Amino acid sequence: MRILSWNVNGLRAAERNGFLKRLEEINADIVCLQEVKTYPEQLSDQLRNPLNYYPLFNPAKKKGYAGVAIYSKLKPLKIEDKIGLGKFDGEGRSLKVKFSNFILLNVYMPHGGRKKENMGYKLTAYSHLLASLRHHGEVVVAGDFNIAHHEIDLARPNQNHKNTMFTTKERSKIDDLVNLGFEDSFRLFNQKPGYYSWFPYGFDARERNLGWRIDYAFVSKDLRSKMKTSSILKDVTGSDHCPVLLEIEF
């Protein structure tokens, strides 16, 4: 099974940049999208009801902001779009789907703010997320986490220790997720530096590989033996984020 996760930075903009063609080329069984920035009724027919996929949407109440979606070739058995935190839930930041053989959680975690003005909200959202994952079976948690976990996960760690997305408090939340029994699927296959999923606009950051790895697919430990690959599709353009692709053999 191929699971793709991608912060598209606006689904309608992504469509104009060739999203549907890329979707066809990658041919994932499940597609998790973050920051769709749209309501389903604003989408083209091809995006609202993509061929061979069940479409699931959780848009933000605020127009043109946040929101997540899932396209799945597998029939969903149960769908949840809340973690129990009012602001987070109103921003359409999660979709939890139960399938016949595993659970998938698609998340778009808050940024925290350049001046850390929303850091309290971000850390609280993580606490709620972690609480929802304490009792789990076979689970995949994929999405934009807005945190680089280790120094290897960003190009310039020394300059960013006090900056949003790399503070000690934020990184400890990923530690907590790992301590719950989840593993960073990408690092199961690749322990090398220089692999990033998000590149700031400007400064030729993508061409110079000055990025951050903030998009993850975590798998519960009982799925580790079923993992086949996990990779970052750096050559896929159309967003400031790169898609993450994992393959699991159920």
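A Cβ is built for glycine as well, from the same backbone N, Cα and C atoms used for every other residue.
According to TrEMBL, the features are:
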type	residues	note
DOMAIN	4-241	domain 'Endonuclease/exonuclease/phosphatase'
BINDING	ASN7, GLU35, ASP144, ASN146, ASP240, HIS241	Mg(2+) binding site
ACT_SITE	TYR108	active site
ACT_SITE	ASP144	active site, proton donor/acceptor
SITE	ASN146	site 'Transition state stabilizer'
SITE	ASP215	site 'Important for catalytic activity'
ACT_SITE	HIS241	active site, proton acceptor
SITE	HIS241	site 'Interaction with DNA substrate'
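With a 10 A radius on its CB, ASP240 (Mg(2+) binding site) counts 17 other CB atoms from all the protein chains. For the recorded site, ASN7 (Mg(2+) binding site), the DSSP three-state label reads strand.
Within 8 Å of the centroid of the Cβ atoms of ASN7, GLU35, ASP144, ASN146, ASP240, HIS241, where the record puts Mg(2+), the same chain has further Cβ atoms from ASN9, GLN34, TYR108, TRP198, ILE214, ASP215, SER239. A coil conformation is recorded for ASP240 (Mg(2+) binding site) in the three-state DSSP classification, outside any helix or strand. In the three-state DSSP classification, ASP215 (site 'Important for catalytic activity') falls within a strand.
Counting other C-beta atoms within 10 Å of each candidate's C-beta, the binding-site residues ASN7, ASN146 are led by ASN7.
Taking a C-beta cut-off of under 8 angstroms and a sequence separation of 6 or more, the residue listed as 'active site' has the following same-chain neighbours: ASN7, GLN34, GLU35, ALA66, GLY67, VAL68, GLY92, ARG93, SER94, GLY143, ASP144.
Here the C-alpha separation of ASP215 (site 'Important for catalytic activity') and ASP240 (Mg(2+) binding site) works out to 11 Å. Counting other Cβ atoms within 10 Å of each Cβ, the recorded positions ASP144, ASP215 show the lowest value at ASP215.
The C-beta environment of HIS241 (Mg(2+) binding site), restricted to residues of the same chain at least 6 apart in sequence and closer than 8 Å, consists of TRP6, ASN7, VAL8, ASN9, GLN34, ASP144, SER197, TRP198, ASP215.
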